[in-house]
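Undergrad: Supplied in structure tokens, the structure appears directly below.
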């Protein structure tokens, strides 16, 4: 009963915020994008399964192997997501101090929090998993029982993952402070994912289409039939779904029962461990934060002595805060991996085997690369400069009460992010162009285009981040997933797209004229000048308008 | 509301919860735009010249939200840069202020490791760095230990003697009674009484009662 009481504030808060009140333009936009995404997952899964069905002999093996792999990936994601969520819910949430003052025993608090954590960490994985399983149901003409089985299997998989995660967390909090564990897990989790991806990329799976590597494909096919470990909960889920697909209800229920008994056992163990250590761990987390930094930074401050006082104040504050916040490190790590993969992909492009003339293809890639590099820049901006105003958090009163205007504050932020991002994107474009061995004209064009695109994208990040700030968020880096973040991504994509389209025609004319040794006609010159001038004006507007919009919204923020 | 506070005055601003004290302070400090009317600081209109007006103010909020990843010293450096304080003067003032507020030994530690009281002391040090002619303070004693509270009380009195204006919102009526030269009582967004303690006693018809009784008498009739 007390556990239900402890869960009520969450339910009431949800009710008070009101589902119906949230229905506005932003809601429909998000819902639309979400549905398109779900539809996409279903379409891709359906298409793959239909393709597998057409492959003689090994079609079903491939489909079942895919199902087994999907379940294993979901299970891993659930464990990772549960570790992060349960750390927050069990040890770091702000309301825990209040909850622990109530006359309720600690394992009941644990149980209530664990239920919340399980729901929070698994709902999204389930939502994205369902289209994949529905595709299986349709392709294999499964009956009603299969769809019931999906719900049972996924619910139990979530409970097991969450119970395993809390069993990991409970003793570890004894050794390390909870706040640091979260950073470590984010860091390790990202590292594992990135290493896996890079390894996968470096294996160059595209070579598998090459008949020369057929012998290794045979070895691969032999492995396809090998069963997964019978001790893994994802294997029980797979066995149950596989049985349900073929109509074997008895076997499906047997594997569901296996999962159920495991889940019940893990919850029981969790309660025992929680009774012994949960409150002690929570108490330890509340102890004062260790003093990590004993820094003297006179030399660092001298670096920016040429700036005006307020500008120096914010540059220095921004850089120090950034490097001392461990949650930012994982972001840098992720972006670094993205850039390495991006550059690596250019180094392995099989241009020499292409049927189109290489010189043309190289320069075409270089042109498209401008837009791609700008999209990489958008991702970096979304992660770092868009949340930078929200990062001020509860300390924003310092900015509001200080003798600098919101306009100056935003422009200082703009320049703080512009210079590193400009250097990064120019390096990116020059290195990839060198790998492509493009004409000097394309090199100059790329460098100049990126030089004008970068300020526009950064200004959109700062301006729209200021227009839609979230000062209350515990993790402002996630503000990019908000409505404002979505507006930024869409606006930035439109801006990059329009500039690319504006440049495409003139660049093609100039490039082809150079190749054929012709000169441009008067009309072509007008077109070239008109297009580039429009792109230039657009770039200026992309800087000024979002910054003004952000300034206006932030100035009148209550 | 129509209120003016003279130079060198310690003005106490009291009222029940939700009366509008913090809102008034936020408008004075330029954190909130008034829907109508104006805030004039030392002859400067806050709406027309906010940066110039803010240079005249030092704000001490009730909740000390600071940049947790900076050290105390770095936060003071940050403030000094915002107000364009010279390096020599900064070093001298910082040392004095940190010693005065007993946080000198913690100056190079991250603010996230500070207690509530230490953060409050740090904000006060930062506010005094640029010698503002007006200090606006919301609940000055929250989080301070008795020694700190006494020191702040004496500090306000000595600053007022030197001509600094202190606008102080508080629920500690004893403090208001002891240090304020004038007191304003606000209820439901309306300034219901202003004046010295004697003026307020007259207004409340309570004879020789203390400020607490005056407060109850005046706000009871309104609520």
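One-based numbering along the chain as shown.
For all residues, glycine too, the Cβ spot is worked out from N, Cα and C.
Here TrEMBL flags A:25-49, A:61-84, A:123-144, A:150-176, A:183-203, A:252-274, A:329-347, A:367-389, A:410-435, A:441-468, A:480-505, A:525-545 as transmembrane segment.
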Undergrad: Quickly jot the same-chain residues contacting the transmembrane segment (A:150-176) by Cβ under 8 Å, restricted to those at least six beyond its ends, or write none.
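TA: Hits for the transmembrane segment (A:150-176): 71, 74-75, 78-79, 82-83, 86-87, 90-91, 114, 117-118, 121-122, 125-126, 129-130, 133-134, 137, 184, 233-234, 237, 240-241, 256, 259-260, 262-263, 266-267, 269-270, 273-274, 277-278, 280-281, 284-285.
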Undergrad: With Cβ distances under 8 Å as the criterion, find the stretch in A:25-49, A:367-389, A:480-505 that has the most pairs with the transmembrane segment (A:441-468).
TA: A:367-389
Undergrad: Which range wins on Cβ pairs under 8 Å with the transmembrane segment (A:410-435): A:25-49, A:61-84, A:367-389?
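TA: The listed stretch sharing the most Cβ pairs with the transmembrane segment (A:410-435) is A:367-389.
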Undergrad: For the transmembrane segment (A:480-505), I need the partner stretch with the highest count of C-beta pairs below 8 angstroms, choosing only from A:25-49, A:61-84, A:525-545.
TA: A:525-545
Undergrad: Go through the chain and flag residues at least 6 beyond the ends of the transmembrane segment (A:25-49) whose CB is under 8 A from any CB in it; none is fine as an answer.
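TA: Residues 63, 66, 127-128, 130-132, 134-136, 138-139, 483, 486 contact the transmembrane segment (A:25-49) from elsewhere in the chain.
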Undergrad: Would you mind listing the long-range same-chain contacts of the transmembrane segment (A:525-545), meaning Cβ under 8 Å and 6+ residues beyond its ends?
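TA: Distant contacts of the transmembrane segment (A:525-545): 449, 452-453, 455-457, 459-460, 463, 495, 498-499, 502-503, 505-506, 509-510.
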